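Listed features, source Swiss-Prot:
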- SER7: phosphoserine (MOD_RES)
- SER12: phosphoserine (MOD_RES)
- ARG16: omega-N-methylarginine (MOD_RES)
- SER25: phosphoserine (MOD_RES)
- ARG37: omega-N-methylarginine (MOD_RES)
- ARG37: asymmetric dimethylarginine (MOD_RES)
- SER68: phosphoserine (MOD_RES)
- ARG70: omega-N-methylarginine (MOD_RES)
- SER81: phosphoserine (MOD_RES)
- SER289: phosphoserine (MOD_RES)
- SER357: phosphoserine (MOD_RES)
- SER360: phosphoserine (MOD_RES)
- 108-140: region 'Coil 1A' (REGION)
- 287-294: region 'Linker 2' (REGION)
- 412-469: region 'Tail' (REGION)
- 437-452: region 'Interaction with CRYAB' (REGION)
Amino acid sequence: MSQAYSSSQRVSSYRRTFGGAPSFSLGSPLSSPVFPRAGFGTKGSSSSVTSRVYQVSRTSGGAGGLGSLRASRLGSTRAPSYGAGELLDFSLADAVNQEFLATRTNEKVELQELNDRFANYIEKVRFLEQQNAALAAEVNRLKGREPTRVAELYEEEMRELRRQVEVLTNQRARVDVERDNLIDDLQRLKAKLQEEIQLREEAENNLAAFRADVDAATLARIDLERRIESLNEEIAFLKKVHEEEIRELQAQLQEQQVQVEMDMSKPDLTAALRDIRAQYETIAAKNISEAEEWYKSKVSDLTQAANKNNDALRQAKQEMMEYRHQIQSYTCEIDALKGTNDSLMRQMRELEDRFASEASGYQDNIARLEEEIRHLKDEMARHLREYQDLLNVKMALDVEIATYRKLLEGEESRINLPIQTFSALNFRETSPEQRGSEVHTKKTVMIKTIETRDGEVVSEATQQQHEVL
């Protein structure tokens, strides 16, 4: 596993040995004092100690926001070499070697801890990247499909609701027209019924008048019948009287004939009696014919009047029956029209109630869909904000990862440097004032602004600010 420095708070043994703190952070200049492992040669070999001081600074640049590391060698000091005839202080070298081994052991432990922390950090970064990818896919899915589908469903349902409203409006208009037509028919039938009632009343009045006339005609007929009976009785009485007179005349004629026979000298009375008889018979026949003619004329007049009255009565009765049938038919038709009107009014009320309930349901559905759309837009905006935050965190983590990668590469290159033998340690220590005067860090702040409206990205702007620390 690679070894790297990842914390600026740890206490290194470099402070005890070299007096400096090899600490670094993302926002401050990073320095890593590197020194080679000391080694002792033979007496005839020359040894030298080289101390190199590097300054590693992170410079953020470019559109991607990734930092680059720049390492510069501050200086190097080389210890004077000793010849073969010079003596070495082994006690000093031994002490330095022991302290160096202790320092390396502490560094290994610290690097192990840093490696564990770095592995945890990488796992966390991977987890955040997975969450970021899932959220990005969710945002893309919501942005690309759901709003348009919801809008299509909303428009389709609105079109269906409008079509149903138009159908119901047309049905209501048609029912209103039918109701108006039925009301007109009902008014016309009522007017016709009133006319028929008036005609019935007139017919009843005429019938009452006809009944009075019939009664008068009946009384007149009865009177005439009584008169006819009286006349018949009178005619019979006159016949009897006439017969009596004839018998008396015949008797008188017989007596006169006897007297004539007895008295031939008397004038002939037979011719006179015959003349008188013929005269009386003529008068009687004339009276009888006149009476019969008067009786027949009176009877015919009464019969004609009775027939006329009977015809009028029969016609009145027939008209009354027809009027009764018409009144019954009109009454049945009015009852049927009333039932039809009641059923149509009931259907119209039911249609109005159903239309009102469906309209309220459609309004509730519209409000619910609008609320769902607002909720989806708010959720989309929240996902976009989270996505933007995760994107910013990812960019910052990418910068830190790049920095750690550079640090790890630098540390590996430092560890893999060839170890030279040395006889004495001589290093160059730079003061904080000198390091401060030589170290410059360039800090780049990238501000990314995303404007959303109703859950959709309207504009996106990126701004970079450079600061030199």
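Even glycines carry a Cβ here, placed using N, Cα and C.
Long-range contacts of the region 'Linker 2' (287-294) within the same chain: residues 231, 235, 238, each at least 6 residues beyond the stretch ends and with a Cβ under 8 Å from a Cβ of the stretch. Cα spacing between SER289 (phosphoserine) and SER357 (phosphoserine): 98 Å, rounded to the nearest whole number. There are 10 other Cβ atoms within 10 Å of the Cβ belonging to SER357 (phosphoserine).
In terms of DSSP secondary structure, the region 'Linker 2' (287-294) contains 8 helix, 0 strand, 0 coil. The Cβ of SER360 (phosphoserine) lies under 8 Å from the Cβ of no residue that sits 6+ residues away along the same chain.
Neighbour density for SER289 (phosphoserine): within 10 A of its CB lie 10 other CB atoms from the protein chains shown. For the region 'Tail' (412-469), the predicted model reports an average pLDDT of 56. SER357 (phosphoserine) falls within a helical segment according to DSSP.
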